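Straight out of TrEMBL:
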COMPBIAS  153-164  compositional bias 'Low complexity'
DOMAIN    6-141  domain 'UspA'
REGION    149-184  region 'Disordered'
Amino acid sequence: MPSVTLVAIDASPQAEAAFQWYLDHIHRDGNSIVILHSVDLTVLSEQDDVASSSDLLWSKQKGQIKSLEDKYRWKLNEKGLAGKIRTESGKPGEVIIRVSQQEKTSLIVIGSRGLSKLKRTIQGSVSDYVLHHAHCPVIVWRQQEPRGSSFERTSSVRSTASTSAPPPVQYSGTRRVSAPIARR
C-alpha cells in the first residue's frame, strides 16, 4: 500500500542529508513525499533590526525560499518521484505536526543539528517537539561526526579516592571508557 512521508527541510546540510538518507533507505516505488519547509518569522524578526513587519521579512526570504524549493523540486523530478513541496510560516515543530496531519502522512523524517543537552533544554528542539506530538512514526536523522572532531566533547572526573581504587571513568561523547587520570 502506498504511503505518504513528510520530509522536513531547511537550508542546512543536515536536512539535505536526511532527505538523501530517506531516499536511499526508506523510499519505495509508489510512495509519495511531502517536502516541507517551515519559516519561523519570529526568529527572523529577532535577527533583523531594520525590518519590523512580518510582510517585509517574508518578502526578504522569498528568494531564498524559491531557491530551496527549486532545489528539491529538481531532486524530485530527477528521480521521477511523486510528491509536492510546501512552504509554511510558523513555529517549525507545530507546522510539521499540522501539515503531517493534513497530508495524512505515515512517516516523518527530520534532520537534527545535534544541539547539546543544555541548548536543547533552553532553546527547545524541533525534532524533540515533533517526536512528542506526532501521530505517526518519526525518524530523526543525525549525521555522525568524525572521531576527534570538535563535536566530540570529552570530560573527565578526578578521583579523590585512595590509589587502590579503580581508575575514574572518562566520558567521550556518549561512549564510556575507563581511563587513568593523573592524581595529585
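These residue numbers are counts, starting from 1, taken along the chain as shown.
Glycine is no exception: its Cβ is also placed from the backbone N, Cα and C atoms.
In TrEMBL, annotation is done automatically, which means it is predicted and not curated.
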Over the span of the domain 'UspA' (6-141), how high is the average pLDDT in this prediction?
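85, rounded to a whole number.
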Using DSSP, how many residues in the domain 'UspA' (6-141) fall into helix, strand and coil?
72 helix, 30 strand, 34 coil
